[in-house]
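Peer 1: The structure follows.
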Amino acid sequence: MQPPELSKNASFYMRPQEEPPLSRAGFITLSIIMAFFTIPAIVLNATVIIVSLMHKQLRQPLNYALMNMAVADLGTAMTGGVLSVVNNAHGYYSLGRTGCVMEGFAVSLCGITSLCTVALIAVERMFVVCKPLGQITFQKKHATGGIALTWLWSLAWNMPPLFGWGRYEMEGVGTSCAPDWHNTDPNNVSYIIAYFAVCFAFPFTLILISYGNLLRTLRQVSKMACVEGGAVAKGEMKVAFMVILMVLSFLVSWLPYAGLAMFVVCRPDAKIHPLVGTVPVYLAKSSTAYNPIIYIFLNKQ
């Protein structure tokens, strides 16, 4: 039986319904799927943090961003992941309106910080390999400054819904909360468009530019190298594979979510089943499980 407060707080992609959008078995299935990603995400990211704190040689400027990603992903898993498991197990959102706003803010803060950290990693690698500023070395102050920027950037764009520009609302099948993608109020639409531009399009552009310059530099080095040409070419292929893997993971995680949000903003009259709206949410949250594998465990250190 769906609790009365759900119909008051919920705003599905389709209109709020008298019957739950999924059967009891459907909610349990979603809870199991989310647990499948959440438990490894907590274990892997916590392991990265603990190991980095235990071994001094890992606390280098180039690894600070990886550590920051682990912290942000752990925050996402501990808030959005765990709450999704619990709420789906209940079959409804069990924390009320205040809980929805708090969850939406916390998950968005950690999620956008993680996303921006991916862009920071790309910029750092371009900075070290391509040396766009000459022979200036990458130091601790650059790393800490970049990390602080990711959190401040995320905070600046996730605070407005708490003060009236945009809002946090239930999404998908009504068991998690996020920025309200489907409200047609001009105030909300303007926030979502700005949010999409600075929290998705801008980081993705930085990633493409940075890794594009990185691959171009490696290709030039490969052409100039004669004696070590084979080794350089092999290294270039390895880096190219890593770049493709990172860009694809970024797109798989965030493009469906951002694409659906923009579609709903542009076509507010479109009727999208809540389950369809839930899949991109889970894809975005699943990145907390495989980000440590791609960015950290493939690191030889």
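Cβ coordinates come from backbone N, Cα and C, glycine included.
Below are the features I grabbed from TrEMBL:
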type     : residues : note
TRANSMEM : 25-53    : transmembrane segment
DOMAIN   : 44-295   : domain 'G-protein coupled receptors family 1 profile'
TRANSMEM : 65-85    : transmembrane segment
TRANSMEM : 105-123  : transmembrane segment
TRANSMEM : 143-160  : transmembrane segment
TRANSMEM : 192-214  : transmembrane segment
TRANSMEM : 239-265  : transmembrane segment
Peer 1: Considering only Cβ pairs within less than 8 angstroms, which of the stretches 25-53, 65-85, 105-123, 192-214, 239-265 has the most against the transmembrane segment (143-160)?
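Peer 2: The stretch with the most contacts is 105-123.
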Peer 1: For the transmembrane segment (192-214), what are the same-chain contacts with Cβ under 8 Å, counting residues 6+ beyond its ends?
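Peer 2: Result: 112, 115-116, 118-119, 122-123, 125-126, 129-130, 132, 153-154, 157, 166, 179-181, 239, 243, 246-247, 250, 254, 258, 261-262, 265.
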Peer 1: Six or more residues out from either end of the transmembrane segment (105-123), which same-chain residues have a Cβ under 8 Å from its Cβ atoms?
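Peer 2: Here the qualifying positions are 65-66, 68-69, 72-73, 75-76, 79-80, 146-147, 149-151, 153-155, 157-159, 161-162, 168, 176-179, 199-200, 202-204, 206-207, 210-211, 214, 246, 250, 254, 284-285, 287-288, 291, 295.
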